[in-house]
Amino acid sequence: MTSSRIVRAPRGSELSCKGWAQEAALRMLMNNLDPDVAEDPQNLIVYGGTGKAARNWQCFDAIVRSLQELNDDETLLVQSGKPVAVFRSHRDAPRVLIANSMLVPHWATWENFRELEQAGLTMYGQMTAGSWIYIGTQGILQGTYETLAAIARQHFGGSLRGRWTLTAGLGGMGGAQPLAVTMNDGVALVVEVDRQRMQRRLDTRYLDVAVDTLEEAMTLVDEAVRDGKALSVGLLGNAAEVFGELYKRGVRPDIVTDQTSAHDPLEGYVPAGMSLEQALELRQRDPEEYVKHSTASMVEHVKAMVAFADAGSIVFDYGNNLRGVAKAAGYDRAFAYPGFVPAYIRPLFCEGKGPFRWAALSGDPADIAKTDEALLELFPEDQALHRWIRAAQERVQFQGLPARICWLGYGERAKAGALFNKLVRDGVVSAPIVIGRDHLDCGSVASPNRETEAMRDGSDAIGDWPILNAMINAVNGATWVSVHHGGGVGIGYSLHAGMVIVADGTAEADHRLERVLTSDPGMGVVRHVDAGYDEAIAVAQERNVHIPMLKQ
């Protein structure tokens with residue numbers, strides 16, 4: 001580790017590589033480690049417990065050198081954060097292919113993974129950490145916002161005004177929760193064990209206020225609910241303790257969820273009954289004992305959430321495998337409340353809708369402002385998109401390179417890609433735009449406790465789909481393509497793929513963008529057609545998605 005090293009992406013239109021494709025990969029890799037973006041940049045950790053951008057600093061430097069030397073007809077191969085080869089390919093091939101954290105299934109356990117990681121043979125890539133397209137907490141914000149909006153529509157007449165949400169976790173992902181709640185006019189109480197993380201969300205305006213006691217927190221929550229005021233309150237504490245205490249006191253939140261780093265019982269979740277400092281010491285001294293405490297705390301955490309559900313609260317799992325750990329530890333009712341995808345998001349997935357994100361390689365916020373306006377002109381009828389973009393412009397603070405996210409579906413993403421490429425070509429924006437997405441998408445994940453939970457045909461654990469997604473994106477000319485294991489829910493529980501593509505204003509990019517931004521969301525439609533979802537079948541027929549065994 002280099003203790004004082006600071007990495008920031010270059011800005012402007014001057015290249016340090018041989019082409020914009022390589023430059024985009026370089027800048028987004030560096031952006032992942034920007035101190036304003038990454039949770040622990042000195043240890044190369046971007047977000048999500050131990051999700052890293054490169055295996056170590058030596059590997060990081062070698063990746064940077066490789067990208068700077070890479071020709072337009074070559075492809076760099078990265079194996080779990082380490083550059084291992086450069087091969088001649090062709091101009092339309094990806095400039096980088098990445099595989100992170102992949103293990104043969106029988107060996108896909110945290111214990112085996114950590115042993116291999118300690119030996120310097122692998123790293124945990126999470127989703128967008130090791131695939132170089134993390135844009136800070138905004139990256140998950142709209143998904144969280146849309147989930148809560150769906151809850152408001154289904155249960156509370158379309159608004160969260162006068163309703164409050166109990167949740168936990170203010171890390172890189174969970175940090176989106178307080179702002180997503182207040183953007184839906186609700187009140188949030190978010191429990192966080194790490195004061196530093198809570199302060200970071202205050203600094204970036206995702207969180208309104210922070211307190212140290214449950215009494216202070218509930219006074220603020222009760223006042224805001226009574227007055228119909230949107231407010232987010234951070235409470236320094238341990239979720240397993242606070243959730244149970246609130247239930248014992250007879251407090252009944254309207255909504256309950258959680259986004260602690262429960263996917264990793266050792267490096268992520270902090271057990272109850274000890275301070276953060278004590279937990280960190282135990283983690284180093286006796287990892288096995290730590291995991292026992294952590295797992296026991298997760299069981300209590302889930303028991304409290306089940307109790308809230310039994311008492312009438314709207315309770316859902318936010319995809320961190322908290323239920324999975326509790327179930328494995330012997331708590332039979334762990335899955336008594338649903339995951340957020342089957343409960344609220346799957347209808348969007350059936351349309352090929354998912355998190356479409358883009359970043360201005362220039363570093364100029366004005367470029368994002370121009371793309372915002374152009375996108376709103378492109379989709380004048382999409383009121384949800386207009387509402388989101390306007391809210392994001394007002395409320396979201398950029399981290400690192402200016403970026404935006406919005407959820408677009410099959411057909412829409414290709415139109416947006418063509419639009420952005422034209423903006424670059426016409427000089428409306430000052431440098432190329434990089435387009436990517438989370439691995440949490442409609443057709444790029446196999447994750448039975450999250451994205452593919454409770455599939456209609458029972459295909460939750462089928463792992464072919466993310467591999468097909470990665471392969472079609474690679475042959476269609478994505479700028480870099482990644483295949484990962486264990487993101488979101490932890491080692492052994494998921495396979496997922498990512499893609500990033502550069503709009504550099506060229507005619508060649510027009511063709512690549514059209515191909516990739518059609519097939520990528522198209523895989524989401526196909527995957528849900530195959531599972532028997534009527535909504536997906538209707539989309540496929542209406543938009544002429546060619547599926548050999550579907551009667552058109």
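In case you wondered, yes, glycine gets a Cβ from its N, Cα and C as well.
Quick look at what Swiss-Prot annotates:
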BINDING   48-49, Q126, 172-174, E192, R197, 238-239, 259-263, 269-270, Y318, G488  NAD(+) binding site
ACT_SITE  C406  active site
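Separation of the C-alpha atoms of G172 (NAD(+) binding site) and the residue listed as 'active site': 18 Å, rounded to the nearest whole number. Take the CB of C406 (active site) and look out to 10 A: across all protein chains shown you find 22 other CB atoms.
The two recorded residues, Y269 (NAD(+) binding site) and the residue listed as 'active site', show a Cα separation of 29 Å. Taken residue by residue with DSSP, Y269 (NAD(+) binding site) is part of neither helix nor strand, so it is coil. There are 30 other Cβ atoms within 10 Å of the Cβ belonging to A239 (NAD(+) binding site). Here the CA atom of G488 (NAD(+) binding site) lies 20 Å from the CA atom of C406 (active site). Residue density at S261 (NAD(+) binding site): 24 other Cβ atoms are found within 10 A of its Cβ, drawing on all protein chains shown. Under the three-state DSSP scheme, G488 (NAD(+) binding site) falls in the coil class. Most other Cβ atoms within 10 A: among the binding-site residues Y269, G488, that distinction falls to Y269.
Taking a C-beta cut-off of under 8 Å and a sequence gap of six or more, G48 (NAD(+) binding site) has these contacts in its own chain: Q126, M127, A129, G171, G172, M173, S261, H263, G268, G487, G488. DSSP classifies A239 (NAD(+) binding site) as helix under the three-state reduction.
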